[in-house]
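Asks: One structure, as structure tokens, below. Some questions next.
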Ligand SMILES: [Zn+2]
């Protein structure tokens, strides 16, 4: 555990309330699920919290299968709020062309505290899969018990929504593709991020080489790297600047979710 993982970051939301208000997040999801089309389930318990999974099946058997995860780190609230905002406003005709699965809030105890790590000081986005260099978190153990199914649900792509609280203004993307260099998938996410934030200049970020706003094909024990090990076609972890105005961060996250869901339909 390090101090940065235990610091608290909470922002007032543009629509009122606070960025760590889990009850408000849950209530808005319940309203959305109540419109129909979704199947809700509990993957497992983490302390007193249910780790929830929402699936929106497609009538088309061959529809691309996409998995979107948010809230691994509790000081990065624009991810969970941005994913919710996208689905609240999305056109049903677009969603119907895909099979969509959402992990709306992986690290609930961290989210309520506005703190990166969970209540046990664990980093829920480390310790996954073959590239892990740390033991899995409690959330990671629940996800690991469902690894094959999660990979099937995200066979066409996995998106994990993050923020970087060290960044006052720049956005960037970690992407993983079965290719030598970033392709259309990475660039579609990057372009959506760049509509809101300038891209991080080339150099090092958290010990990784970032080039053109992308950290490419890094296997680091993260959820997204593990999903690639499990066989999904492509994966990304998008990063908005955690010190920028939160309304812009939420809008950017929603825009990146839209770019992610549109990608497999482009040219199809
Ligand atoms: Zn993060």
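Backbone N, Cα and C atoms are what each Cβ position is placed from, and that goes for glycine too.
Any TrEMBL annotation is an automated prediction that lacks curation.
Pulled from TrEMBL, these are the listed features:
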type	residues	note
ACT_SITE	239	active site, proton donor/acceptor
DOMAIN	1-268	domain 'Peptidase M14'
REGION	118-138	region 'Disordered'
Asks: Secondary structure at residue 239 (active site, proton donor/acceptor) (DSSP, helix/strand/coil)?
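Replies: Its secondary structure by DSSP: strand.
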Asks: What residues, ordered by sequence, lie under 8 A Cβ-to-Cβ from residue 239 (active site, proton donor/acceptor) and sit at least six positions away in the same chain?
Replies: 162, 163, 164, 167, 171, 172, 173, 174, 193
